[in-house]
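J.: Let me give you the structure first, and then I'll get to my questions.
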Amino acid sequence: MTASSQTGSTARLIGVLMVAGFAGTFALRSVEPLVGVLARDLASDPHRVALLSTAFALPYALIQPVLGPVGDALGKERVMSTCLAVLAVALSFCAAASDIDQLFGLRMLAGAAAGGVIPLALAVLGDQVALAGRQVAIGRFLVAVILGQLTGSTFAGLIEAEVGWRGVFAITAGMAAVGCVATLVGFDRSGRAPPRRPRFGEALTRYGGIIANPRARILFAGVFVEAIAVFGIFPHLAPLIEARGEGGAREAGLALAGFAAGGLIYSALVGHLVRLLGPSRMLAWGGAICAGALLVIGLAGSWQVDCAALTAMGLGF
């Protein structure tokens, strides 16, 4: 393979993965601006409806250690395409759900399917992109992932009044289908190893080796607590804005978009921040910014201030 053709195939791979990453995260935050609307339409308590985010997030996280060895055995590209297909089907059935219990089950399935997209995409980048260009490729991919979250929450809030929450789910299903088609058409599957049985024992041994490291345990515990504090507020933001008389799904979607916007700002500034603060002080400052943002959201009286606080939180996180 010539240098130019190799560069072209790498660019094609990155483009396909960016589409898949965008599609895989588009539905991630789309339900949170709709909590109040779903509670009214499905005659359910808003606090129970807010648990739809947990129904997506827990399978999303818990499936990843399983799909890692499955991807190694069956092919990362094949498993990623399957995950996007299942995500599209689950979201399309969400659009037809008749009660909150059906929606819970379908959100769990959607979360498990979405959980295979980002980790496998990063693994594909690690396998197929040369070390010299890998960080740039990962950076571009993560921008697409953040934009998926940003667009999903904003889009859901803005168009709910026109298409309803069922229409929002249908559109997110269509986006997942686009991602699936992109991987089916765009991946070069030539020269791939034949499928084999997953080796879960080897994976458990590797996971155990990581957990045995005391620093890893401290890091995972910190990330766990931080995620509860940061992401726990998201599904309650729409009911909070409604209770204040500040708006509904539209305003909640715009406010939630601030978090992803903060992530984009961080991605643009990360090089300067590392040189200025160093990793340890970045962690301390990030935690302090997130804590301050949560305090502002609790005391704020307008969704615009919530949006600014969430932007700061996205930068700190």
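Cβ atoms here come from the backbone N, Cα and C positions, even for glycine.
A TrEMBL annotation is a machine prediction, not a hand-curated record.
Here's the feature list from TrEMBL:
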- 13-317: domain 'Major facilitator superfamily (MFS) profile' (DOMAIN)
- 12-29: transmembrane segment (TRANSMEM)
- 49-67: transmembrane segment (TRANSMEM)
- 79-98: transmembrane segment (TRANSMEM)
- 104-125: transmembrane segment (TRANSMEM)
- 137-159: transmembrane segment (TRANSMEM)
- 165-187: transmembrane segment (TRANSMEM)
- 216-234: transmembrane segment (TRANSMEM)
- 254-274: transmembrane segment (TRANSMEM)
- 283-303: transmembrane segment (TRANSMEM)
J.: Against which stretches of its own chain does the transmembrane segment (165-187) lie, if we need a Cβ under 8 Å and a gap of at least six residues from its ends?
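T.: Apart from its flanks, the transmembrane segment (165-187) reaches 12-13, 15-16, 19-20, 22-24, 26-27, 30, 34, 37-38, 41, 77, 80-81, 84-85, 87-92, 94-96, 117, 152, 155-156, 159.
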J.: Other than its close neighbours in sequence, what residues sit by the transmembrane segment (283-303), given a CB gap under 8 Å and a spacing of at least six beyond its ends?
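T.: Contacts with the transmembrane segment (283-303): 226, 229-230, 233, 237, 240-241, 244, 246-247, 251-252, 254-255, 277, 309-310, 312-313, 315-317.
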J.: Please give the sequence-distant neighbours of the transmembrane segment (254-274): residues at least 6 beyond its ends with Cβ less than 8 Å from one of its Cβ atoms.
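T.: Answer is 29, 32-33, 139, 142-143, 146-147, 149-150, 153-154, 157-158, 234, 237, 241, 282, 303-304, 306-317.
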J.: Looking only at the domain 'Major facilitator superfamily (MFS) profile' (13-317), what is the mean pLDDT?
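T.: Mean model confidence (pLDDT) across the domain 'Major facilitator superfamily (MFS) profile' (13-317) is 88.
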J.: In the same chain, who gets a Cβ under 8 Å from the transmembrane segment (49-67) while lying at least 6 residues past its ends?
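T.: Same-chain contacts beyond the flanks: 27-28, 31-32, 35, 38-39, 42, 79, 83, 100, 103-104, 107-112, 114-116, 119-120, 200, 203, 207, 231, 234-236, 239.
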J.: May I ask for the residues of the chain that lie six or more residues beyond the transmembrane segment (79-98) and have a Cβ under 8 Å from a Cβ within it?
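T.: Hits for the transmembrane segment (79-98): 20, 23-24, 27, 67, 70-71, 106-107, 109-110, 112-117, 120-121, 124, 166-167, 169-170, 172-174, 176-177, 179-180, 183-184, 187.
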